[in-house]
Amino acid sequence: MEPGDSRDGVSAETTPHSALHSGVSLHAYDIVVVVIYFVFVLAVGIWSSIRASRGTIGGYFLAGRSMTWWPIGASLMSSNVGSGLFIGLAGTGAAGGLAVGGFEWNATWLLVALGWIFVPVYIAAGVVTMPQYLKKRFGGQRIQVYMSVLSLVLYIFTKISVGIIPRPDAFHVLRDPVNGDIPWPGLIFGLTVLATWCWCTDQVIVQRSLSAKSLSHAKGGSVLGGYLKILPMFFIVMPGMISRALYPDEVACVDPDICQRVCGARVGCSNIAYPKLVMALMPVGLRGLMIAVIMAALMSSLTSIFNSSSTLFAIDVWQRFRRQATEQELMVVGRLFIVFLVVISILWIPIIQGSNSGQLFDYIQSITSYLAPPITALFLLAIFSKRVTEPGAFWGLMFGLAVGIVRMILEFSYPAPACGEADRRPAVLKDFHYLYFALLLCGLTAVITVIISFCTEPIPDKKAS
């Protein structure tokens with residue numbers, strides 16, 4: 001059937017015969033290109049594994065601390081490229097316009113902060129994981145274990161599983177502070193809280209920099225990563241907007257029944273914006289290459305997350321119960337934990353599919369807003385204030401986590417309405433943007449941490465420094 005034909009009054013462009021409904025399938029040449037691409041990637045991976053030392057903790061988890069600046073910068077970018085970008089970022093760009101690109105640009109200066117402020121502290125402390133740094137900074141093991149578990153929960157929830165007329169402010173980055181879908185104060189201040197966690201304290205990202213052969217290479221990698229983060233606005237967000245303009249009946253469907261037929265989700269189909277554009281417009285061969293690149297990017301991101309998650313579990317959790325564990329045992333445990341993560345993440349996928357008006361990127365950022373701000377507050381106080389104590393840090397983290405979990409439970413208890421339906425959720429959900437909540441939660445955590453710290457015995461200067 002040609003694109004112009006119709007059946008039962010429905011254009012072939014909106015007929016539910018595939019996930020993307022473009023009437024275009026992968027040609028044999030596309031499949032050949034995909035196979036060749038992955039054979040090449042597999043060969044390079046095997047060569048790298050043989051060439052690198054993987055028999056020790058440092059070799060397995062930190063690439064032997066021998067990385068130079070340019071693979072670090074590329075790894076910082078690739079670790080952050082996954083379904084959240086190709087599917088989520090493009091989908092939110094299709095639904096809401098340019099403002100979501102601010103999430104990428106905000107990272108540029110925080111990557112500089114990573115290289116010049118945070119990484120020197122981590123390297124000086126001689127740590128492999130971020131909870132290890134907190135243990136050295138505050139003393140005691142409980143905050144290390146709680147931080148490890150919280151980080152693993154964040155990875156599972158946010159990183160591993162995850163109308164027709166364009167809106168008048170689609171080309172505005174800074175939007176109304178009250179009614180905007182991404183209000184400008186939240187974009188500037190609330191997002192900075194989330195970005196500080198992601199780029200300066202998150203194990204997945206920081207582990208790339210800790211693998212550097214020297215501090216200079218770590219800084220160079222951060223600068224390169226910052227430049228690369230400028231690109232998604234033009235290569236992902238704008239193509240998502242173009243896809244909405246070209247295929248409004250599918251990408252911008254407003255009727256829940258039509259959305260269900262188009263993409264299998266009643267809450268919206270903006271997540272198909274980027275794949276739809278690739279399948280419908282790219283020629284044979286290039287289409288296969290683009291699909292291979294997207295798949296490789298997704299796998300690269302998952303590889304980074306799995307590696308960092310296994311590091312956290314093996315070093316910070318397993319060793320607490322098996323203090324005499326050998327390096328070989330830790331590496332085996334790390335690999336087995338990856339299998340566990342895959343299973344849990346697959347089970348979580350159905351919940352993601354029905355969340356946040358069908359926009360994967362909104363889901364990722366909202367969950368991060370509920371769990372990450374306490375971590376941001378904790379690390380900032382740990383680095384910039386010697387007066388913060390272990391009880392203050394621990395109970396501040398517990399308070400922030402409890403408040404965030406309450407908001408997250410409400411989020412899942414009152415799912416987003418389907419296309420065209422009225423939003424009847426409580427005001428704390430529909431009127432209090434998650435970026436504002438992130439800013440408030442970070443501030444409350446910091447206040448509680450400082451108050452308790454001043455009520456307890458200070459840490460000796462030697463340990464606090």
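Easy rule for this one: first residue shown is 1, then count along the chain.
The backbone N, Cα and C atoms fix where each Cβ goes, and this holds for glycine too.
Feature list (source: TrEMBL):
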TRANSMEM  26-47  transmembrane segment
TRANSMEM  68-89  transmembrane segment
TRANSMEM  109-131  transmembrane segment
TRANSMEM  143-162  transmembrane segment
TRANSMEM  182-200  transmembrane segment
TRANSMEM  221-242  transmembrane segment
TRANSMEM  289-318  transmembrane segment
TRANSMEM  330-351  transmembrane segment
TRANSMEM  363-384  transmembrane segment
TRANSMEM  393-414  transmembrane segment
TRANSMEM  434-455  transmembrane segment
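109-131 is the stretch from 26-47, 68-89, 109-131, 221-242, 393-414 with the greatest number of Cβ pairs below 8 Å to the transmembrane segment (182-200). Proximity of the transmembrane segment (68-89) to the transmembrane segment (221-242) is established through 3 or more Cβ-Cβ distances under 8 Å for residue pairs spaced 6 or more apart. Contact counts against the transmembrane segment (289-318), taken as Cβ pairs under 8 Å, peak for 26-47 among the stretches 26-47, 109-131, 221-242, 363-384. Counting only same-chain residues 6+ beyond the ends of the transmembrane segment (221-242), those with a CB under 8 A from a CB of the stretch are 67, 69-77, 80, 85-86, 89-94, 97-98, 100-101, 104-105, 107-109, 111-112, 114-116, 119, 166, 170, 208-209, 212, 270, 273-274, 277. Sequence-distant contacts of the transmembrane segment (109-131), counting only residues of its own chain at least 6 positions beyond either end whose CB sits under 8 Å from a CB of the stretch, comprise 57-58, 61-62, 76, 137, 143-145, 147-148, 151, 192, 195-196, 198-203, 205-207, 209-210, 212, 215, 218-223, 225-226, 229, 311-312, 315-316, 379, 383. Counting residues 6+ beyond its ends, the transmembrane segment (26-47) has Cβ neighbours under 8 Å at 284-285, 287-289, 291-293, 295-296 in the same chain.
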